[in-house]
Structures are given as C-alpha cells and as structure tokens.
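Now, the feature entries from TrEMBL:
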type	residues	note
DOMAIN	A:5-173	domain 'FeoB-type G'
TRANSMEM	A:223-243	transmembrane segment
TRANSMEM	A:274-303	transmembrane segment
TRANSMEM	A:323-345	transmembrane segment
TRANSMEM	A:357-383	transmembrane segment
TRANSMEM	A:395-417	transmembrane segment
TRANSMEM	A:459-476	transmembrane segment
TRANSMEM	A:557-581	transmembrane segment
TRANSMEM	A:593-614	transmembrane segment
Amino acid sequence: MTQSAPLIALAGNPNSGKSALFNALTGARQKIANYPGVTVERKSGHFAFADGRPAELVDLPGSYSLDPTSPDEEVTRNVITGLQQGERKPDAIIIVLDAANLDNHLRFALEVIALGQPVVVALNMMDLAERDGLTLDPAKLSEALGVPVVPTVAVRRRGLEELSAALENRLLQKDSAPQPVVSKTRDHGLRKQAKLIANQVIISETAGRRWSERADSLFLHPFAGPLILFAILFVMFQAVFAWSEAPIGLIESASEWVAGTVESNMAPGFLRDFIIEGAIAGVGSVVVFLPQILILFLFILLLEASGYMTRAAFIMDRMMASVGLSGRSFIPLLSSFACAIPGIMATRSISDPGDRLTTILVAPLMTCSARLPVYAIIIGAFIPPTVVGPGIGLQGLVLFGLYVFGIVGAMIVALVLRSTVTKGPNSGFLMEMPKYQLPRMKDVLIGLWQRAWIFMRRAGTIIFAATVVLWLLLTFPKVPEDSGMSQVDYSVAGRIANVITPAVEPIGFNRDIALALIPAMAAREVAVAALATTYAIDAPDEEAEAKSLTERLQSRWSLPTALAFLAWFVFAPQCISTIAVTKRETNGWKWPMFMLAYLFALAYVAAGITYWSAVALGL
Amino acid sequence: MSIATTLDQLSLKQNAEIVAIDWAAISESEGRRLRALGIDEGIAVEKLHKGMFGLNDPIALKVGRMMIAVRKSHAQAISVALIPVTIPA
C-alpha cells in the first residue's frame, strides 16, 4: 500500500444516492474520462482517511445486477471482478443502499458481497426512510450480511467519518477479514434472501407521508400529465433563448473588444490577422455557445435530480415507441432544438445501445438555434409577409414548416435506422421511477461544471481548430493586388467552390452558395456572414448588413433556389462540432462519418426535389 | 385470489400477485432485467398509473417500494391473480 493509494469503488443500484455520496466524499475535484473502448464514464476523485492518508475513489455506474444487461452494468461487473481494462482491481468496495428500498437494493448487494472482496455497506438516505415511516436496525443488517454497515445521509454529510473509519478498518485487516455469510445463489434465491434480510432489518413500518405518490397522481395523470410536461418544456425553451441573450451579447462584445485591442496594439500583418480573425474569432465562436448549453443543462440536471425526468420519459414513451425509440430519447431530442451538442451529450442516460445510437444519429435533424439566422434571412428575402389566416402569416408558416420537416424527417430516419443499421433487440423500456427529491444545488452545480468543461475541452478544441483552418482556406493564397479578383474568389476556399459548383448546380445552387457552404461547416449561421462577404457587403452593423444582403439575394437568386437552400439546411450536417461530439460519444469515426454521409445525401435530395418541384410549379 | 388476468389488463390501484411469466415471450436479457428490477413470479404488484391518454402502454407498477415502468409487450406476458383488499388492523 506504499506504492499507490488504495482504490475504493463505489457501487450500488441506480437512485441509491451513490453520486451524492461520491460528491460528499470527494468534493468538486473529480476526474471524468471514458473507460477504454466503451462510452461509459469513469468518474474518479480523491479523499483522505482521518489520518490524512489518501485514497482514490471511483464511482461505478449504477447497476441492478452483476449479470449485465447494459454497457454500464458490464463495466461495473468488470471493475468489481478486476477484469476491466485500464482499471486495477479495487482494494475495497462501498455498496450504497437506499435505506427506504432495502428489499430491492439488497439483491445487488448480496451478489457483490458473495464475491468475497472487502466490502463496507453505506445504508444511505436514512432520513428519507424515516420520513417514509421506516425504522431500521443497521446492526441487524451488518449481522445478516457479515460486513460492516454504516448509516449515512450523503446530502447532509452525515455518517461520512464513520464510513471512512469502517473502510480503513476493513483495508487494514484485509487478509483476516471475516468471511461474509452470504452464499452464491442466483436470481430467485437472491431475491428471497434479500426479502428475508429486509424483513429482519425493518423494525417497524408505519404509513409515512406518501407525498411522492400523491405528486404522481398529478404529474402522471393521463391528461394533466402531458399538459404539465409541455408547460415545463415551454418554460425551459423560453429560458434557453431569453436568458442567454444578455450573456451572448456580453461574450460578443468582449471578443470584439479583445480583437479591437489587439488591432490597435499590433503591427498589421499575417500574425495580427491570424490572432484576430483566426484565434479570437475561433475562441469566440466556441464560448458563444456556452450560455445556451449551460441553461439547457441546468434544466436537464434539475429535472434529472428531482426525479421528474423519468416521468417525462414515461409520458412520451408510447409516442417514441412508434418510431422504434423509447421515452428515454425524448429529452435528448428535445434539447437538440436548442443545440445538437448538449442533446447528443444527454443521450448517455439511454441504457439501450441501439436506442442511444439512433437518437444520436437523428439529433441533428431537430431544428437547432444556429439554423434560425439562416432561415430568417432567406424567408425575409423571398417569402412575402402575406397573411394566410387569422393571425397566421406566410413567413411564420414557412418557418413552422421547416421545423415540422425536420421532425418528420427524424422520425422516418429513426424508423429506417432501427430496422437496418441499428437493428437489434430493444430493451423494452423497463425503468425505475425514483421518488421525487428536492435537487441539491451543490450536486447540480458540480454536474453543470462537468458538462461545461467537457464541452469546452472536446467540442471547443475542434471548433477552434476548424475555425482557424477555414480562416486559412479563405485567406490564402493572397490575391495579387492588380488582378481585380476578390480575396475570397482567389483563396483555396474559392477554388474548392469552383469544384463543388457543378455538383450543386443540379439542385439549383449557384457558385455563391457553394462558396458560402464551405465556411458554414464551422456553424450554420456562418453562412449568413459568408454570403455577406461573397457579395462584398461592407455594412456598419448587422441590421444594415441584413438589409443590403436581402436586396442582393433578391436580385441574384430565384425563388426555387432560395427554397432549395432552405431545404438543404433542414438536413445538411453543417456543424463540425456536432460531428466531433458524435465521434466522442460513439467512440470512433464510423458513426460520425455515417451521419455526415446520410445527412448530406438527404440534404441533396431534399434540396433537389424542392428546386425542381418549385421550377415545375412555375414559382 | 381467484380471478386471473395479465398485467396490462389489471385495473388501477388493484393489488395482485404475479403467478406466471411467459419467459419465452421475453428476450433473455429483458428477462434478466425484469428480475433485476424485482419483477418475478410470486411478487406482489400494484398498478399505479397508465400512460398518456389512459393507454395501457406503458404502465407504472409498484413493486416493493419501487415504481417501475413496463411496456405493454412485457405486461402481456405477465399473468397475475387478484389479491382481495384487506383492511389493515
């Protein structure tokens, strides 16, 4: 034990308060990585025993059984048995039990104890059990299991010192540890044994407050339930767009200020251009996503921590099942309306691998906020503001149609994928719905910080690199001063556009569009700025830019071309960061490449059909 | 406990005991997951909620102290017998 700190694994059922205990023991300094070869998160941290000796703590994915039914459970089994690649065998295991749910949770505990490794049981959420009217005898449980049992309330930091002391004891007398009294039995036997022990440990049981059940008679009401769900979602989306406006403005003016400062303090030249147009613009384009992502994740984490998320999945399951997905896919897909990146990151809560992959692949079809600037400028320029009904304008109708187009597209694609490339047994949506809980701010903030950090580090580096590369493509080679050509036309990007143009002409696109599509790979909304650059618009502010861009577009594009352009953006995977996140979440290049190919193919076909239909209709 | 039915047909708030599960109708890993969540022969269950618009797909079951969501396809494979309501002393 001198060469390295002992490794302690935290194991338990989902909803046993395991992560809260992990947070309480390790604090906010946690390391998150993936186990090699799988997209299962490895969360680790450090804590110290009473005498200051350090130990490494690893939070294993919540499991119902050592007989795995999901990639998460497989990792838990492998770590505990010492078979997990990239992880040493833990020196001791803390099994976390929900005190109010003993008969169900003891089953997994019995399985782990039967392996004979040093084990300490944390009888967690004792306060909630008491509130439910349960009186438990931890000493009886310890006697029945043959391992130390420590009552804890992780969220109030109660029992942590006792837990650490019990753990230390267990590690010291590793070799002379008393053999646990549990025998190796499977399934039926285990359950009966669990029930038997639970009956011994529960001293008395009175009808406690059943407020969680009462809340469900409202939240899961066949008619009121869906209405409440949509009200919550409405508030969430309202917040994502309304609350993010101010911080986004701040970030934009901050990066303008930095660029301005550099500009006035550096000699003109390549380096200055690189710093301003490449580096600062690159960092800015990453950070500008953060406010929306943070707000969205704040809501998702609150919904998860309170227990409502599983209710939302329950309500939406029937609908999602009709396209081969499950209720679990609902929130990730919904998040993708703000941005596909947090949506794809949120698919981690889907335990079925086929469901998860399908959800990731269709997430970019949800109309994200980056498409709005593109839609707005094209609709504004080409769709007349006629009123088609009471309070319904044609422009709004077209925008709505584009959203519906994306959703219907996603449903069809999900159906097709589920019966072809992601075919496989469906896990059938068996899901525990935990009791409602007041979310603890500290745990939510730790979660929020972790997601933000993952986004900044993973997506950030790639968005940044892509922005710089695109800038280089647009800047070099430098146009000779007397040639009369624009820099964009002369650049590598301009030459690439020449190559692409013949390929996109059949779907009604001209060379200007081909050129705008290249920088728009960084993010869709860049297409607007790129078109402005192409049409050599030098406007003092955004409003004037939009106005003159509208005029140029009207004079240079036909209506069928504009409609085809809209259809293209419903499907086209014009977002390198989404591809990057997909690569990370699927652990390889296979699926992001597949995503890129199928979305471009769909975009091409959709734009082509739109163009030729519009031409045929004489629009 | 004489009236037998399947879990999807059970009415709300009705206590019942699982008497048989047609394991052949459920894939092996789903079967394991059912048992891991505590759903097995001889277990007492109560149907707490129906899905959206009152459809029996999915349904929410009370198993021990847990609430579990189960789809109709599984519920149909689970036979239950009603337990007469007893007034607690």
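Here the Cβ of each residue, glycine as well, is placed from N, Cα and C on the backbone.
Any TrEMBL annotation is an automated prediction that lacks curation.
When Cβ-Cβ distances below 8 Å are used as the criterion, the transmembrane segment (A:557-581) is approached by residues 289, 340-341, 344-345, 363-365, 367-368, 370-371, 374-375, 378-379, 381-382, 398, 402, 405-406, 409, 458-459, 462-463, 466, 507-510, 513, 517, 520-524, 527, 592, 595-596, 599-600, 602-604, 606-612, 614-615, 619 of the same chain, each at least six residues removed from its ends.
If you look at the transmembrane segment (A:323-345) against the transmembrane segment (A:395-417), you find at least three C-beta pairs under 8 angstroms, all six or more positions apart, and that counts as contact.
Outside the transmembrane segment (A:274-303), and at least 6 residues removed from its termini, the chain residues within Cβ reach (under 8 Å) are 232, 236, 239-241, 243-244, 247-248, 251-252, 255, 258-259, 262-263, 266, 309, 312, 331, 335, 338-339, 341-342, 346, 369, 439, 444, 447-448, 451-452, 455-456, 459-460, 463-465, 467-468, 471-472, 475, 522-523, 577.
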